[in-house]
Amino acid sequence: MKRIALFLLTNLAVVVVLGIVASLLGVNRYLTANGLNLGALLGFAFIMGFGGAIISLLMSKPIAKWSSGVRVIDGTGSADEAWIVQTVRKFADQAGIGMPEVGIFEGDPNAFATGAFKNNALVAVSTGLLQGMTREEVEAVIGHEVAHIANGDMVTMTLIQGVMNTFVVFLSRVIGYAVDSFLRRNDENSSGPGIGYMVTTIVLDIVLGFLASMIVAWFSRQREFRADAGAARLMGRRQPMINALARLGGMHPAELPKGLQAMGIAGGIGKLFSTHPPIEERIAALQNAQG
């Protein structure tokens, strides 16, 4: 979740900042000078939308290191560190990707993979994960993160986010133009965008951005199922990944009901924004997988 949450927040911030800068540079005035130029607006929205997503992707690795306090390791330290690096290398070779950077950070059980390119990524695990799981479970979690890299999930999410951003920028400015035109309908001397346009577009950039995040989060949840399956393939069996998920969920595999029903850890709006499916659904998907 940390990996995608950082990406989404960075992306939203970049889009809002770019929108404000565009207003200050007079781009909005150009678009509305003689009525709204939809063709120019669509091009502007595309550049803004994908620009924000690509900048977020390129910044994802350094931001993740900084925000999580990741300490990069090379396997020359403790025996545990050497094992982590060897495990990442083994899975990277199996998956056909370049060796990622490997790091450790302080905190509760967690792990993430990030980076703009498959051959220049980062896999980081927390001290809580190393202390609270068996080696086999940690190995499964590492396999899950390597699978994210091999599947190209960060690039895929960037493309999806770029499309969402484009719609957000386009719609917010069309609605902003309509609101501004209505507010100044009796002002014959008005020219260019007014305060109604600027306020509406900034507010809608934020509101529609959060709504778009629901769609991005849905796609992210589907990628998690694929990464779980990828970890099982790298491990050669499903049980280690099932055990790791059960450990993360605070339950022992033997205590799981035979017919797991799909139920969310958090209901309502929280589940819509969640980048990960409920643990129970992920375990059930692995248990029901063929092969």
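Every residue, even glycine, has its Cβ placed from backbone N, Cα and C.
Per Swiss-Prot, the feature transmembrane segment maps to 4-24 (among others).
Taken from Swiss-Prot, the feature transmembrane segment applies to 38-58 (among others).
Secondary structure at His148 (Zn(2+) binding site), taken from DSSP and collapsed to helix, strand or coil, is helix. The Zn(2+) binding site annotation in Swiss-Prot covers His144, His148, Glu224, and the record cites sequence analysis as its basis.
Annotation for Glu145 (active site): spatial neighbours Ala111, Phe112, Ala113, Val123, Ala227, criterion Cβ-Cβ under 8 Å with sequence separation of six or more. The feature active site is assigned by Swiss-Prot to Glu145, with sequence analysis given as support.
Annotated transmembrane segment per Swiss-Prot: 159-179 (among others), in sequence order.
The annotation transmembrane segment is assigned in Swiss-Prot to 199-219 (among others) on the grounds of sequence analysis.
In the shown protein chains, 27 other C-beta atoms lie within 10 A of the C-beta of His144 (Zn(2+) binding site). In sequence order, Ala113, Glu145, Ala147, Asp153, Arg223, Arg226, Ala227, Asp228, Gly230, Ala231 are the same-chain residues whose CB sits within 8 A of the CB centroid of His144, His148, Glu224, the residues recorded for Zn(2+) being left out.
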